[in-house]
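For reference, TrEMBL has these:
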type	residues	note
DOMAIN	A:10-29	domain '4Fe-4S ferredoxin-type'
DOMAIN	A:48-81	domain '4Fe-4S ferredoxin-type'
DOMAIN	A:82-112	domain '4Fe-4S ferredoxin-type'
């Protein structure tokens with residue numbers, strides 16, 4: 001008997017060009033009571049003095065999650081679907097190793113709870129066959145959750161990329177960033 | 001008469017705005033709601049579909065309504081948080097009466113009604129029927145809009161009824177009627193998807209209608225060129241193919257120059273112009289001298305950019321032009337709208353797939369609210385109150401003699417002037433907060449203080465209601481059945497999710513009881529909202545905004561019906577003008593000549609900087625609702641003055657420094673936000689805040705001669721650095737509404 005209705009054909013796609021900085025995603029994420037009404041997704045201005053460009057910072061759910069690898073308490077786990085879960089509250093010791101190790105700067109230490117907290121791909125929803133709340137409400141679909149076929153049809157000028165180059169390190173992720181058509185990787189530095 | 005009964009601080013302490021956050025421990029019952037109600041957001045004209053989760057007669061959360069065709073579950077931050085207005089601690093739970101030195105004290109409904117009706121009768125007997133006035137709001141449903149119009153004309157018998165749509169899209173309405181004979185966006189927004197060129201003029205879509213952005217982005221996925229006309233680099237302009245940073249107040253010069261360019265380069269649809277329009281020659285004659293060089297001088301936009309925009313527009317096979325308050329909030333708002341329509345008509349791209357034009361209504365029922373007769377010059381069905389045939393028809397529906405129907409009254413700001421003159425002595429307002437939303441609001445405050453009697457129907461104590469003699473505790477959107485009409489022209493159902501709390505009542509029941517006590521009970525016998533809607537349908541029949549074929553059941557079955565829908569078997573009209581038969585008397589679309597003129601106030605040595613106003617994504621209109629929702633206030637707690645680094649340098653202004661802004665109407669201080677995303681001669685203030693944080697203490701009351709919309713978007717100001725660095729904005733800024 002399946003214990004979950006997680007749809008393995010659906011993926012998360014982030015398109016920064018479409019982000020209007022409205023923070024509907026933060027509002028929706030912070031509605032989740034399991035997060036203590038904290039948002040696990042963050043929208044930031046690049047440099048408000050010169051542009052209104054914003055970026056969305058969401059857990060990329062790395063194939064080989066360094067946050068989990070460096071956790072001394074084995075509090076962070078990746079499941080069979082590739083979802084990297086937030087710290088197990090019974091195990092997390094609040095050391096912030098994961099915060100410092102993540103190449104995308106995603107995990108945050110919440111002092112209120114003395115815990116690391118990060119996005120778990122809305123597991124309460126995705127495990128029930130629903131889409132993550134942030135992607136559902138995103139008014140511009142800068143955040144999209146669906147199949148590769150859908151995104152290919154919807155965004156003919158873009159390509160999903162999930163390979164990131166940090167110096168000599170290559171990091172592949174479950175979450176995709178939409179890049180100009182034909183792109184294969186994103187060089188960060 | 002109506003000075004505040006106690007200090008504003010005391011009123012704020014008692015009635016807010018206070019910030020409402022979800023409880024840390026979560027809402028009890030959210031996981032197991034008693035019911036899930038499919039309804040719509042209570043804010044802007046998109047009217048996104050949303051599901052409200054209800055437990056124990058309280059809204060405890062929301063779920064996206066992914067099947068609703070316009071937004072498919074998508075919401076903006078206001079939509080996500082809209083449920084937090086329900087069960088709010090500031091909610092007015094019973095009728096209140098002002099008591100000098102005490103504030104507002106609860107009274108029974110009977111006492112409140114008796115006092116209200118006695119004062120109405122006293123004023124009307126002493127000064128005449130028109131001395132009692134009504135200001136209504138377009139957050140009301142279609143049913144309530146219709147009811148307010150009928151109530152004013154039949155029960156109060158006053159001509160002086162107007163609405164806050166007067167501050168919204170009346171310029172567009174007037175322009176649309178002149179050009180097309182009908183006032184509605186021509187297409188559904190889905191037609192944006194395959195438009196080759198999109199012009200967005202004076203519409204900060206990403207912050208005011210965020211869910212509409214999706215359709216623009218989809219168009220761009222299909223290769224559409226996006227042209228954004230705005231003094232600021234708004235979020236939509238960030239990736240636009242062309243941003244035209246127009247000098248505030250000069251928009252009509254831009255569209256005039258484009259029209260001339262189209263004609264000079266023969267980028268015209270001659271067949272459409274010859275067979276389906278009138279007065280093209282007159283429109284062209286008005287712009288014969290409007291060269292690109294002239295337009296560059298007037299608008300401040302490089303002529304090469306204007307030329308490129310004209311070329312793209314001229315050569316496209318499909319196109320969509322959208323505008324909003326940025327071109328409509330002007331003393332020549334109608335001219336600006338007609339300038340846009342002229343370039344649409346010149347290229348004949350209307351009434352076809354992926355070709356459209358329209359205004360984007362700002363308020364929740366901005367579209368429907370301007371069709372059903374709570375406007376000073378209008379009767380239901382978008383009929384004209386001065387037209388004898390229209391008057392006769394509506395008098396017949398209402399069962400009154402046509403000669404007993406009042407004529408055209410004052411528009412909203414004119415009404416304030418009439419109060420100042422002593423001509424109008426009494427006021428009833430519903431869902432309208434003029435002390436924040438009207439221009440030159442210190443003058444508005446003085447008017448409120450001159451009223452002999454003021455009664456407000458509202459669910460929160462807004463800044464204007466603080467001046468009331470009686471406050472009647474009304475209802476939120478989710479507390480009454482009804483319909484609204486979205487910015488696309490789609491009539492949708494508002495479903496009652498919960499009952500009004502405490503002793504609050506539905507707005508409809510309040511108006512019906514007032515009508516009864518005023519002796520007009522036999523004309524107001526509705527048992528429910530559907531009966532009201534059915535009378536509205538009949539009243540609209542044969543009018544340009546014809547709802548006759550729309551029923552509650554039909555809306556349920558189809559998730560919305562587009563008007564006009566003249567018969568019960570008619571499917572509705574998502575795209576107008578496909579038959580090229582326009583709603584004008586001659587059946588043709590009309591070009592209108594637009595000659596450029598300056599805005600009402602221009603800069604000079606004393607006031608050398610242009611001040612323009614607008615909105616931010618987390619706040620809605622006068623903030624009566626959104627300044628009470630904690631997470632929305634946290635996003636943008638207080639207004640900041642956007643200023644370009646060059647202008648900041650000129651005045652020695654540093655980032656976050658308090659800047660003294662002075663106009664001919666007021667002076668106050670705001671923290672500076674120095675950004676390159678604004679013109680170098682213009683500063684920007686958002687207008688959702690009251691008192692010392694109010695942008696409308698500065699704006700002038702120069703009115704458009706046709707639409708009577710005030711010029712919110714242009715005034716002359718002076719700036720002075722104060723040397724005080726403002727501390728970081730905090731939520732407490734929202735309280736400073738004194």
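Using the three backbone atoms N, Cα and C, a Cβ is placed for every residue, glycine included.
Confidence over the domain '4Fe-4S ferredoxin-type' (A:48-81), given as mean pLDDT on the 0 to 100 scale, stands at 96. For the domain '4Fe-4S ferredoxin-type' (A:82-112), DSSP puts the residue distribution at 5 helix, 4 strand, 22 coil. When the domain '4Fe-4S ferredoxin-type' (A:10-29) is classified with DSSP, helix, strand and coil residues number 9 helix, 4 strand, 7 coil.
Residues in the domain '4Fe-4S ferredoxin-type' (A:48-81) partition by DSSP class (helix H, G, I; strand E, B; coil) as 4 helix, 6 strand, 24 coil.
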